[in-house]
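Written below as structure tokens is the structure these notes are about.
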């Protein structure tokens, strides 16, 4: 009997193993299994947005011009939401609304649902990409966990809020000025700035910016491997590859400034992660509340007193009047399908009008 030693020539790999080898191969741009979701969805979302902002009008859904072809610029062009009459239809190209007609589909606002859905799955694919790469190189998954915060905000604003309202019409359109209009709408109809979840979101984002600036400045300040420059700014190279800053010096500095300071890098960086991520999560929860038409803080006693005493006014009562003005002006313009007509005497007029 002859026994052959050595590697078997038989290929025992199945299709899954072959795909896994190719997808996770070490290359310039990692693909991975998450890439099967990320790259097509990101391509279609961006492609749909560029197509819509270049060619597609919003005349049939909002009564607006919204494309470069109609004279808009980068700040005013948008892929706008479908009409309110279409409610929560997915507006599939082959669905009963468009019936396979691409031009009709664009006129109805089909590009908005196309961009929103592919954008959401693209963002989820990017988060899964971070999970997959972290597992491959044996890192913790905190990058992916942090990225869940902007995903939560996107999903709550573009999907959950309009699902709680009468249709996709009340979601933000994809454009700069369109997002600004949506913010004004949120303020006028929901008093969003006085919502505690919005306050937590603002504290998280601005607090994170402050922490980031302080952290970057402190690291630059405490580099101890210097050059031969004549002054502090020339002597330290901000692109120095080695980590040569002094945590002890930084701790002593901030202890003298504030009386307290971070004692180790882990707690410091966890705090820098915690502040913005928690703020964005809280904002997303607040938007879910708005989908259910939950109210912000109401100081009714001040409103009653202001209505009875013409000499009593607070910043709160002034803002409530401002919100009423936003509603009166926006409702007729923003919801033309309702045919709202307000008498001239109820519309707020400023000095410029």
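Note: Cβ is positioned from N, Cα and C throughout, glycine not excepted.
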Students should find that the transmembrane segment stretch in Swiss-Prot, chosen from 41-61, 62-82, is 41-61
Which range of 91-107, 108-124, 125-141, 176-192 is transmembrane segment, per Swiss-Prot: 125-141
What range among 279-295, 296-312, 313-329, 330-346 does Swiss-Prot record as transmembrane segment? 279-295
From the ranges 208-228, 229-249, pick the one that Swiss-Prot records as transmembrane segment. 208-228
If you rank the binding-site residues 130, 143 by how many other Cβ atoms lie within 10 Å of their Cβ, the lowest count goes to 143
Fewest-neighbour residue among binding-site residues, criterion Cβ within 10 Å, set 118, 215, 262: 215
Residue 143 (pheophytin a binding site) to residue 262 (plastoquinone binding site): how many Å between their Cα atoms? 22
At the Cα level, what's the spacing in Å between residue 118 (chlorophyll a ChlzD2 binding site) and residue 262 (plastoquinone binding site), rounded? 42
Under 8 Å for C-beta pairs, could you tell me which stretch among 41-61, 125-141, 208-228, 279-295 has the largest tally with the transmembrane segment (153-166)? 279-295
Restricting to the same chain and to residues at least six past its boundaries, which positions have a Cβ under 8 Å from a Cβ of the transmembrane segment (279-295)? 149-150, 152-153, 155-157, 160-165, 186, 190-192, 195-198, 200-205, 207-208
